[in-house]
Structures are given as structure tokens and as C-alpha cells.
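Undergrad: Before we start, here is the structure in question, set down as C-alpha cells.
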Amino acid sequence: MAKSPAAVKAEVRRMRRIRRIHFVGIGGVGMCGIAEVLLNLGYEVSGSDLKESASTERLQSFGAQIFIGHQAGNVAGADVLVVSSAINSANPEVALALEQRIPVVPRAEMLAELMRYRHGIAVAGTHGKTTTTSLLASVFAAGGLDPTFVIGGRLTAAGTNAQLGSSRYLIAEADESDASFLHLQPMVAVVTNIDADHMSTYGGDFGKLKKTFVEFLHNLPFYGLAVLCVDDPVVREIIPQIGRPTTTYGFSEDADVRAINVRQEGMRTYFTVLRDGCEPLDVSVHMPGNHNVLNALATIAIATDEGIDDEAIVQGLAEFAGVGRRFQVYGNLPVDGGSVMLVDDYGHHPREVAAVIKAVRGGWPERRLVMVYQPHRYSRTRDLYDDFVQVLGESNVLLLMEVYPAGEEPIPGADSRQLCHSIRQRGQLDPIYVERGVDLAPLVKPLLRAGDILLCQGAGDIGGLAPQLLKSPLFGGDDAARKTK
């Protein structure tokens, strides 16, 4: 029988001497979820950010004190500061806290504290963390386990990226971008894949990145469980170094949890799961692409190990309503002779872009793909330049927005004009450069044909363009949003 929230609060040990917790950069996707859980546990929460957002408004409605702008006075009365890796010691709030000997802890350390007295499930990997974590939350809820979760994206069904549950389970993303996942000590850890990204954290040394993942897995107790995607060659390579119980998953014949008979029909993907000692299980997910089959397999592996029955697994996967900005279908835009399907996606690494393109080709093979892409960070564009040129050239029509800098200075030869030139040189596609987001609607409308899929993709401010297109007078304003079949 599930416990009441009050009972959970009584069971979970409180942090001694901590009454008010202050978040610097509270609106960030990795910060607001932890803040919400702490609010629900009864702590006083305050935080600052450079601007208001849906996240800060939500936290404020729950009782958090929100400051717009970073000022030393915001810290008054705080017992601890929580900071993301984007915040440095020059920040006036951090500087005052250090001067007054108020503890300043990384976001991941606070997440680790929440996980300390729970059965923690941490999802790591370069790609697929948010979707896998969200699927786990859905399946555990369907199994009656009511988990606490902290996710890097908004669950469509829950309308939030975090929730305090009544069970002992805490499901969270484990962030390798700044190596902060080493703070976590979960009972179960997933590694979806290991790819070259955020390499500045690792001094440009891919070997160091691999070793850090091994170190993360060794944070598991000797009786814990590492759930590993054996289809990923780098994950397969590190398995012999992991001195912990393991379960593998993938399409490979030697995977412990394996998918066969995959079939995609538009947004829904069907497949059969093979597990040692279990009957074959037919499941479906309302998400396109083999990459989402892999995310579901990781979920199934953990749910099976935790004793969730097959009926709940099937239900939790089938009813999963998706995550914000992960192949999120906004509706249809009217064009001459019909309409186009408008999709928004967060993918910002060549491997993620390739997976989404493959999903589109698999679910809608007869449709053209019109892609609007915004590279994220000049350093990533430079480091993966040739891969971007290759994969972006696979669309039918391509519009490239300028690189979203994410605080970086421009790097010569790593901007979108240069990308356009390099893709054009291949002779298969003539990309269009989009200097500003407001220019997109008039540029893209003449290019669209009835039946096209219009995909806006990237991790920067392109995330606001899909809803803007729906409201654009060029596409009929708000009347353009019609439910997609």
C-alpha cells in the first residue's frame, strides 16, 4: 500500500541544520526539478535567475521565493546554495556565500543527497537519458510504485519534470556533461551509449570519458545493477571493466533483453521483447524510431528486475505520452493543397539528428523532410563539423539558423554560414541560411508542400519557434493547430 506524502516526509531523513535552500539559476531544467522536490519535502526554497520562465512561475506558485537577477542580497537567510556547472565563483551570490562560509554545493550533490536514503535509479549516457528516465517513471507508476523522479524534460502527462512520490524509488538523469554524475550513488544505473560530446570536460580525451563512465558504474554497491546497451560499441568495450552485476539490452543477439520484429506505423512503434526466463512480450510505444525502442528496452530490463508485472510494463509503455521537445508533434500547418506536420525536437548531436531522420523515414517514408536546424555551441560544431555536414545533408530541404552560442565566443569556420557552404559543396542540397528566428516563417512557407514534415531541431532558442509558427499569420494563426492523426 502506497504511503502518504506526509509519511514519506517523516521517513526520509532531513538534512540537519538546513532550513532554507537557495538555487542560483533556479529556472534551469536540471535545477527546477530538484527545487520542486525539496519544496514538497517541506524545505524553504528560494532561487534566482536572469529571467522569468514557466519553471520559475511554477515554483513560485508552490511557495518558492524567486529573484530575477543575481544579487548578493538574494542569499540572505540561506543555509546552503545549490549551483549548476554554468555558475562560477564570480557570481555575486556565490561570492557572498563563500565569504560567509555558507555551503555551496553542485546540483548533482544535492540530487545525490535526495537519492541517499532511497532506491536510486540513475540514467546516464550521451543520448536518450531524458526519454529513458521518463519511460521508467511511467512504467513504475503503472506498476503502482509511485516513484519520485527528476527529469531533464517535461513529462507531457504529468506537466512537470519532477515529482515527489510515495515509494522508496527515486529515478533521475545522471549528467556526464560536467562529470557531476560521479556524485551519485544509485542502486541501479543505466548507460544508454557513450559518444564524443562535452569533450572540454574531459580535456578532449575520449579515453578519459570512458574511464569516467566506468567510475560512475563503480559507484553502484556490489549488489547493485548496471543496465547497459550492448549495441553501443563503446559500452560493449567497457563491460569487462565493470565489477558489478550487469544486464545488457539491445538488438544484438547476445543481449539479455532484446527487441525483435520491430514495426513502425507513424508515431507508434511495435516490437517483441525477449528476456531470459520470460515469455516473449509484445509492446508498443507512442514514439518513432529504433532509438526509442532501445530506451524502452532499458526500461523493461529494470522493471523486470524490480518485479513489475508484464501487464503494467505494457500499459506504462503504451500510455506514455512523451516528453517535451522529444519529437513533439505540435499539429498541422496549412499550406496550398493540404497541410504539413510540425515537429519539434531537442536533438543537437549528429547521432541524435541521424536517429530522428531515420525515424521520420521509417514512419512516413513517402513524405519529404523539411528541416530547420540550429547548431548548439560553436565548440560542438567545430569538433563534429564533418559529421554535421554529412547528417544534415540527408534532409530533403534544409534551413540553418545561426549557432546558439550557450555562452561561447564565435569560432572561425564553425558557424552556420560555413556549414551551409560545406553542405552545398556536396552537391545534393542547397541549404538556406536563417539569420533570425523572426525570418523563418516567410522563408520556409514557399518551400513547403502538402504532406511534408517540418522539423525544428536543436537545443537552443529554436525550441520556441514551433509554437511561434503555429501563431504566425502566414499559417493562419492559432487556427493552424489541428490534432495530428
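Note: Cβ is positioned from N, Cα and C throughout, glycine not excepted.
So Swiss-Prot lists these for the protein:
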BINDING   G125, T126, H127, G128, K129, T130, T131  ATP binding site
Undergrad: Measure the Cβ-based neighbour count of T130 (ATP binding site), defined as the other Cβ atoms within 10 Å of its Cβ.
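TA: For T130 (ATP binding site), the count of other Cβ atoms within 10 Å is 23.
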Undergrad: In sequence order, what residues of the same chain, 6+ apart, have a Cβ less than 8 Å from the Cβ of G128 (ATP binding site)?
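TA: Listed in sequence order: T192, N193, H291, L294, N295, A298.
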Undergrad: By a simple count of other Cβ atoms within 10 Å, which of T126, T131, the binding-site residues in the record, is least packed?
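TA: Per-residue Cβ counts within 10 Å for the binding-site residues T126, T131 bottom out at T126.
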Undergrad: Other residues with Cβ within 8 Å of the Cβ centroid of G125, T126, H127, G128, K129, T130, T131 at the ATP site?
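TA: Here the non-site neighbours turn out to be V123, T132, T192, N193, N295.
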Undergrad: Which residues does H127 (ATP binding site) neighbour through Cβ under 8 Å, counting only same-chain ones at least six apart?
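TA: Those within reach of H127 (ATP binding site), by Cβ under 8 Å and sequence separation of 6 or more, are T192, N193, D195, H291, G347, H349, R351, E352, A355.
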Undergrad: Other than its own, how many Cβ atoms are within 10 Å of the Cβ belonging to G125 (ATP binding site)?
TA: 24
